[in-house]
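Accompanying notes for the structure given below.
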Amino acid sequence: MAGGKIRKEKPKASNRAPSNHYQGGISFHKSKGQHILKNPLLVDSIVQKAGIKSTDVILEIGPGTGNLTKKLLEAGKEVIAVELDSRMVLELQRRFQGTPFSNRLKVIQGDVLKTELPRFDICVANIPYQISSPLTFKLLFHPTSFRCAVIMYQREFAMRLVAQPGDNLYCRLSVNTQLYARVSHLLKVGKNNFRPPPKVDSSVVRIEPRRPGPQVNKKEWDGFLRVCFIRKNKTLGSIFKQKSVLSMLEKNFKTLQAVLASLQNNGEPALNTTSMDLGDQSMGMEDDDNEMDDDDMEMDEGEGDGGETSEFKEKVMNVLKEGGFEEKRSSKLSQQEFLYLLSLFNKSGIHFT
């Protein structure tokens, strides 16, 4: 109108959600570790690096609203998606209902750590980072073999998985994981690739279980590594002089000797002591980040009131000297060196569970 103000109209916002990111009006909870992949190029890269075959059954853990699920369905034969959040389950079902993918998608609602997993060829997972360790070992100990797992982890956890002897992040988790699998770092993922963005960067790691698996008693191996990594930068000689360590080992030693003596008196055949389980003193294979730095605790070297004897202490030290391990540090030892040292202890009747 003449003499009046011209009002500029604001462009109308589109009601259509971006085609690359399926939102569905769901709010995501950071407290539950819900961070949905929103970068389609990253989704494509993960699928490509997984090496999926058209005949593969794919286990997807934490599918969210299905951005990655769609690409997995396009690449493989079937997707079995395990999702805890009932809202996400409904969103997945709604998204693929009436599409060519609907009969190739099976959704299981539940906690993946408590769910009996079916047979699968490949696992692809974008998980809450708080379940990283227990989920990793659940997969590694899965009763049926699978080709690989491609998993999104918090970056520091991922770098601990792939760390090598001498690396700052080399730890019990590194040795444990690499005993059971070949592990490789695939991608570094910035926090802005997620909705909502997490506080830390992430990494995608490929895990390929070793077949056949290692011939080692899991509890014995884990108990042994827990001792070795009490303080990974101290010498093994210092670690194995600790009263608490000597007391535990001597208790196991005496228990084993009593069992063997009882069997001998009853005329029963000798046991394979390298595979014996003398009681569950370990806490499982999960990484609990209990390794200590040099200033975290004082050493409790020498004899104490725990029942350990100077003779047994000498026996333990002789094992370390025999293998040339007394002055070595866990932070520098390879997997094969750990296996060799454990075999020397077992050969001397010394056990860690």
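Placement of Cβ uses the backbone N, Cα and C atoms for every residue, glycine included.
Annotated features, as they stand in Swiss-Prot:
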BINDING   HIS35, LEU37, GLY62, GLU83, ASP111, ASN126  S-adenosyl-L-methionine binding site
COMPBIAS  1-10  compositional bias 'Basic residues'
COMPBIAS  285-308  compositional bias 'Acidic residues'
REGION    1-23  region 'Disordered'
REGION    270-313  region 'Disordered'
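Feature map: annotations from Swiss-Prot on the structure.
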{"residue": "HIS35", "record": "S-adenosyl-L-methionine binding site", "DSSP (3 states)": "coil"}
{"residue": "GLY62", "record": "S-adenosyl-L-methionine binding site", "DSSP (3 states)": "coil"}
{"residue": "GLU83", "record": "S-adenosyl-L-methionine binding site", "DSSP (3 states)": "strand"}
{"residue": "ASP111", "record": "S-adenosyl-L-methionine binding site", "DSSP (3 states)": "coil"}
{"residue": "ASN126", "record": "S-adenosyl-L-methionine binding site", "DSSP (3 states)": "strand"}
Cα-Cα distance, maximum over HIS35, LEU37, GLY62, GLU83, ASP111, ASN126, record's S-adenosyl-L-methionine binders, Å: 20
Around the Cβ of HIS35 (S-adenosyl-L-methionine binding site), the count of other Cβ atoms that are within 10 Å: 25
Largest tally of Cβ atoms lying within 10 Å of a Cβ, found at which of the binding-site residues GLU83, ASP111: GLU83
ASN126 (S-adenosyl-L-methionine binding site): tally of other CB atoms within 10 A of its CB: 26
